[in-house]
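A.B. asks: I have a structure here, written as structure tokens, and I will follow up with some questions on it.
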Amino acid sequence: MPACCTMRAKASDMHSKDCVKVAVRVRPFNKRERDAGSRCIVSMVSSSITIQDPREPQSRRSFCFDYAYWSHSGFARDRCGLYVPEEPGGRYADQDSVFQDLGEGILENALQGYNATLLAYGQTGSGKSYSMVGYGPNKGLVPKLCDRLFQAIKENQDTRQCQVFFSMLEIYNEQVVDLLSRGSRTPGGLRVREEQQRGFYVEGLRTVPCDSAPQVEQLMEQGTRTRTTAATHMNANSSRSHMLIILQLKQIFSKESITKQSNINLVDLAGSERQRSSGSEADRLKEGTAINLSLTTLGNVISSLADVAVGRKVVHIPYRDSVLTKLLQSALGGNSRTVMIATLSPADICYEESLSTLRYAERAKRIQNRAVVNESPTERLVKELKAENARLLQRLSRLGQEGRRANDETKELRQLLTHNELQIRAIQTLWEQHLQEALKDWEQQYANITQERRMMQMHPYILNINEDAQLSGVVKLFIQEGEWDIGLCDSSPTSISIKGLGIQERHAGFRNEQRRVTLTPLAGSKVIINGNAVSQTTELQHLDRLILGSNCTYLFIGYPSERGGDDWSRYDYDYFQSEVAAAEGIHLGESSAGSSQTDPSLLAVFYDYIKLMPMVAEANQMSQELNKGVEFKLEIKNLALSDSKGHDLEKEIVVRVTSTGRKQVWMWYKAKFVNRKFLMEEAYQQHQAEKSGDDRVEGLSTTALPRDKDPFWDPVEPLLLGTAHLWLQSLAFRIPLEEQLEVLGPEGTEEAILQAQLVPCSSTGLPLGEDDILIDPSELLGRRLDFQLVLEQCCGLRWIREARNRGVQIGFRLLDCGQPLYSPAVWHNVNPLLDHRVHFASLHTSQRLLDYLQSSAVVLELWGLQEGCTDLISSLEGVRMTTEGIFIIEEAGPTDTAPVDSADSSCSVRALQQDVEELKSVNASLRKENNSLREQLNAARNGGETARGRSVRPSCDAEFARALKVFYHSMTSVKGQLQRLRRHRPSEESDLLGFRLFVDEQSRLLRDFSEQLEQSVSTLKQDVAAIVRRKRERSGIWS
């Protein structure tokens, strides 16, 4: 009784107002977030949630909702596999707690005759499906609601007769798929119609009568199986689809002669993840398209209704703009009592998505609905007839003396009542007939399940693995003894039919003999086993991973005797993709210290890589089937590149897109590629519909698609091919530098050799001589420094070797230059002469500039130009130049080297400058004293040696500078040899002989490196020793 009272109290609280009730649930960290060392940025107090910006810890946003559930921590797993609070009364919210608050209220509303809706919203992987459906013994809201519904029907069977109808559908790419349909899928999906009485409804949607919770559970399994198959056939991503379960509850109250009819809509919305966009990632084609139209329109509807709730004038609420919002019109601002559960991750790496979810939920709670109890028109007629009957009886009692007339009226009344009873009996007979048909289907499905379980204990089979864990393990394809073809073919009795991108008519052959199963790929088909592509007959082992075509993933389950107690759950979708990535040389990296802790910066890139891998494979297959002549390849941007300080740049996944015919190349960032991938799917489905001759297809033919609407094409743009580092340290000593630099691509490939120079010069551009070389860079402080950057020639340009109609430019920037400068474009030449010279000057050299020169490099960017794209132009906005065309990189005076808005920094700089001046003064005094002592000593020996003594120091200084210059040049060569060693790797196709040759070559390179390094150091030692010896001989006073 107390539990029942609690349920009613919560239910009454839920429908005391017709506002949308919003609940938020915070899930635990997943494996990816744990591996990345993620930090929890969400806190919860009562029904208030606060989220912290990980980049600005002081920035916090708080939200208040009707219900808030902390499911992140404080839980344990009991013997039955249920997740429960670690301590009694703990804050952890389990599945039962969520159902008691939300499910019981929805059920009570439905039993009272109201329409009820439950919406699950959140990014992919945030826990929507777990909250809605559950996993294993941890049942979610839907199965618990069905259990309690039929329990309530049984408890109230004396006062009412209940009829329950079940429907299940999916919306993907604005197409409605009936997940309970017996026949083949309707091309283009089911149509959504509108009637004045019913509102929007799905024409032809199958509704199945049910009289028990196990029947509903079986129908859900059937729908999930259909959803898995449909996802494969349509090349669909389940995280982008919406699933709707509709329970129609009809309650017939005999005594009251009324009928209450309510619809319970249970909606698992598509993933709401935001695609990060920036200027470099903007797409010329509209982002979102039909794949995101329903979710986008739902957001617009919620925003409009929220504005209405606060009194703003809204001209139009866009219900009709998408399939989903049409079907949910009653749930949002209409005749329904609605609950939304928003699920989110508390990890710092999901901050933007979680904040977006909270904002969305905050808008939704403002919506006000107009729910009413639903009565059937038939029952309304019965009430009117009974009211008429009461009036006739009263009239009969008053007109008793007119027997004949009363008898006539009584006869008419009896005829009316008899007609009504026949109608009720017909409705009852129709319900029982539907129920019997559904029971026959259920018995057939039960027999099929029993047969499947028996087959599982007899034969090996392959089990589907899906990106959505709820759809994994649904399809089982048995491999009985003999030979079996697997592919699109389904006419042969010895064929196993599968569908998907890249699947051939006869894709591969299974052979099951003597309890050994082998797989033989057929010509032209793509088969991957355990991450490696195979083309020969391969014997399968228990738990082998198979990928057929572009991305049909299966787990091989051997004979029962091979299975044992293996844990199959670890072989999830990510495991399959990780194996393929490892075969391509992409591994989950470790920290440089050699510890087992994964580097978080690499982890995000790795997960992005394995997420995009199957999408790239599918895009390549669609391009091939549509004859687009476009190839897609994943690359890791900045994998081998560094900034001007030598620090690694942030790594990011990009997709290299190549038009094989025109040799055009594009680089698409992740967000742009994902958007284009969905547009490609639309074009591909259009093509498939055209092939099948479906006249319901709308839109442009794929053959007539204009280029500016083609998702496989883009206008060409300059591409960053690679970078080289020209270190500036020699400028601090005013030593000229001439280098041959290797331009490395994003993944470490050699793109070209660039010949460049740094030439210290006078203000007029004349090169400085050896006498101008400095031993101490601090001598430059406060003085003018001029130098020229000379780009002489590029050699071996791989970009132009691939296609002669291309060109290149070099871009660079120094110190605080906001915009890069570019060399003139050169075209059609593999070894072009650049002959580009730029003069830079610092009018007043500061310590900051000296530190920059001694620790930084100028990063020379090699940009590739394509036919049809414009040259890169140097932007001189904000750049300081002299009338002679000299670029000024620093012109601040001694007292202006620090920012004017920082008093502490200014004082610190002034103090340092005073110290420098004092040191200069002391140094000058010591030199003067030293020269005086030397003169006195030499005069005591002989007068002729005095002049020679005065010239010892300058000449020795010049000799020492020359020795340093030679050493610097030799170390540059040593550095180049070290870079070659770092890049020297064996080929992925190398056999044992190839590895031996690699080891021999590596040994030779190491020997050369060691010899060069030893020779450079030895030469420096000899030069220094010779200088010291000559000083002793000349002066006689050097110790």
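Note that Cβ sites are derived from N, Cα and C of the backbone, with glycine treated the same way.
Keep in mind that what you see is a predicted model, and the values were worked out from it rather than measured.
According to TrEMBL:
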BINDING   Gly122, Gln123, Thr124, Gly125, Ser126, Gly127, Lys128, Ser129  ATP binding site
COILED    909-943  coiled coil
DOMAIN    19-367  domain 'Kinesin motor'
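Map the listed features onto the structure and describe their local environment.
C.D. replies: Sequence-distant contacts of Lys128 (ATP binding site), defined as residues of its own chain at least six apart whose C-beta falls under 8 angstroms from its C-beta, comprise Ala120, Tyr121, Gly122, Asp268, Leu269, Ile341, Thr343.
Summed and averaged per residue, pLDDT over the domain 'Kinesin motor' (19-367) gives 85.
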A.B. asks: Other residues near the ATP site, CB within 8 A of the CB centroid of Gly122, Gln123, Thr124, Gly125, Ser126, Gly127, Lys128, Ser129?
C.D. replies: Arg27, Gly271, Thr343, Ser345
A.B. asks: So how many other Cβ atoms are close to Ser129 (ATP binding site), meaning within 10 Å of its Cβ?
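C.D. replies: Taking all protein chains shown, Ser129 (ATP binding site) has 24 Cβ neighbours within 10 Å.
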A.B. asks: Sort out for me which one of Gly122, Gly125, Gly127 has the most neighbouring CB atoms within 10 A, since those are the binding-site residues we care about.
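C.D. replies: Output for this query is Gly122.
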A.B. asks: Hey, of the binding-site residues listed (Gln123, Thr124, Ser126), which one tops the CB count within 10 A?
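C.D. replies: Answer by Cβ density within 10 Å: Ser126.
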